[in-house]
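Written below as structure tokens is the structure these notes are about.
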Amino acid sequence: MVSHEEPKRTSSMGEVKHISEHSDELSYATQQTQPQLDVEKQVVGQDVQNPVDSESSTGDKHDTPPPFKALSFLDQFLVLWIILSMAIGIILGNVVPESGPALQKGQFVGVSVPIAVGLLVMMYPILCKVRFETLHLLFKTKELWRQIGISFVLNWIIAPLLMTGLAWAFLPDRDDLRQGLIFVGVARCIAMVLIWTDLAGGDSDYCAVLVAFNSILQIVLFAPFAVFYVKVVSHDNVDLSGNLYSTTAIAVAVFLGIPLTAAIITRLGLRLILGERRYQHYFIRFIAPLSLIGLLYTIIVLFASQGQHVVQQITSVLRVCAPLIIYFLIIFPFTAYMMWRTGFGYKISCTQSFTAASNNFELAIAVVVAVYGAGSSQALAATVGPLIEVPILVALVYVIKWFQRRWNWQ
């Protein structure tokens with residue numbers, strides 16, 4: 001008999017067989033034929049818990065390198081690179097004061113051109129890894145729709161409510177900073193979550209589906225949610241009805257649509273020319289570092305453009321940091337623990353956790369600047385978002401991988 005706390009323990013071969021027959025209720029191949037099962041396992045990266053494999057694999061655990069050693073040089077010291085990038089950006093913005101205005105001169109859908117370039121570059125390699133040619137098989141499974149339902153509850157009900165509650169708890173006297181945080185909480189991530197999921201070894205295919213799903217919902221729900229939380233809850237008199245819908249739709253179309261279209265064309269075209277093996281072993285390996293390079297470049301530009309603003313209003317920055325830190329330390333562990341307790345595999349749980357915790361600070365900054373102005377306190381609060389989100393989510397990559405090893409989470 002298998003306890004809920006120890007889902008992988010078996011007492012006899014008969015029980016192992018019983019588990020193998022009945023534990024697939026949480027997977028998407030329950031009543032399928034074996035060929036269909038193999039196809040679906042390939043599509044989702046075989047994120048199915050198998051007690052027999054888990055038990056037999058324990059003898060080989062010393063043959064596989066630890067996750068840290070398995071990472072590339074950039075990945076191994078990612079926290080250091082990000083901290084250095086943030087420091088370089090802030091120092092550059094203060095030592096060279098004209099760098100901030102210069103970086104903000106060119107605007108592309110409400111975001112400075114240097115930042116927009118970095119966002120597009122860092123998303124493209126991740127999307128090139130997604131198996132678009134087999135993605136349609138996921139939509140034939142009940143499990144996908146179950147995960148979409150879970151993602152909707154986490155991203156569009158729990159996360160905005162939690163951020164709004166924390167903003168009121170920590171900033172009851174600063175409606176301007178509070179409004180900036182609310183915009184960050186409503187903006188669900190459609191970009192950097194792909195990087196966090198990839199670094200943590202999550203399911204890139206599922207992440208791509210959830211990102212596309214949240215992108216559609218963002219076009220529909222961002223504006224009414226922002227109006228509700230800012231005007232109804234905060235009793236703010238600023239007009240949010242004007243360009244909010246168009247700004248959101250354009251930002252989503254650009255920062256997801258351009259790299260997604262390029263990735264689909266690249267993958268389908270180069271796989272025909274190079275073949276699957278060469279595409280994976282040569283092209284993907286060649287462009288993979290661009291994601292982290294684009295991320296570090298974006299961080300430098302972002303903090304260089306806001307460096308003076310951050311230093312001059314350090315008290316406001318520190319006040320905004322507190323609710324953001326609490327937010328990430330609640331939503332991520334809650335999601336990961338809930339997924340683990342309900343029996344989901346590591347890849348799916350990891351993907352859901354980072355999707356729930358990540359925010360689209362690019363969109364939040366773009367909309368806040370359009371509504372309140374670039375020099376507003378609301379824009380400052382939105383800018384502090386990545387200052388806290390990036391290092392915390394990088395740390396959570398290592399934390400969840402540690403729990404994967406400790407719990408033997410397959």
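Backbone N, Cα and C define each Cβ position, glycine as well.
If you check TrEMBL, you get these features:
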COMPBIAS  1-25  compositional bias 'Basic and acidic residues'
REGION    1-45  region 'Disordered'
TRANSMEM  77-96  transmembrane segment
TRANSMEM  108-127  transmembrane segment
TRANSMEM  148-171  transmembrane segment
TRANSMEM  177-196  transmembrane segment
TRANSMEM  208-230  transmembrane segment
TRANSMEM  250-270  transmembrane segment
TRANSMEM  282-305  transmembrane segment
TRANSMEM  317-340  transmembrane segment
TRANSMEM  352-373  transmembrane segment
TRANSMEM  379-400  transmembrane segment
Cβ pairs under 8 Å between the transmembrane segment (317-340) and the transmembrane segment (282-305), at least three: no
Please indicate, using numbers and ranges, the residues of the same chain that are 6 or more beyond the transmembrane segment (250-270) and have a C-beta under 8 Å from a C-beta there. 108-111, 116, 119-120, 123-124, 127-128, 130, 132-133, 190-191, 211-212, 215, 218-219, 279, 283, 362-363, 366-367
I'd like to know if the transmembrane segment (379-400) touches the transmembrane segment (108-127) in this structure, counting it as a touch only when three or more C-beta pairs sit under 8 Å and are separated by 6 or more positions. no
Between the transmembrane segment (352-373) and the transmembrane segment (208-230), are there at least three Cβ pairs closer than 8 Å, leaving out pairs fewer than 6 positions apart? yes
Could you pull out which residues elsewhere in the chain have a CB under 8 Å from any CB of the transmembrane segment (77-96), counting only those six or more residues past its ends? 199, 292, 295-297, 299-308, 310-311, 387, 390-391, 394-395, 397-398
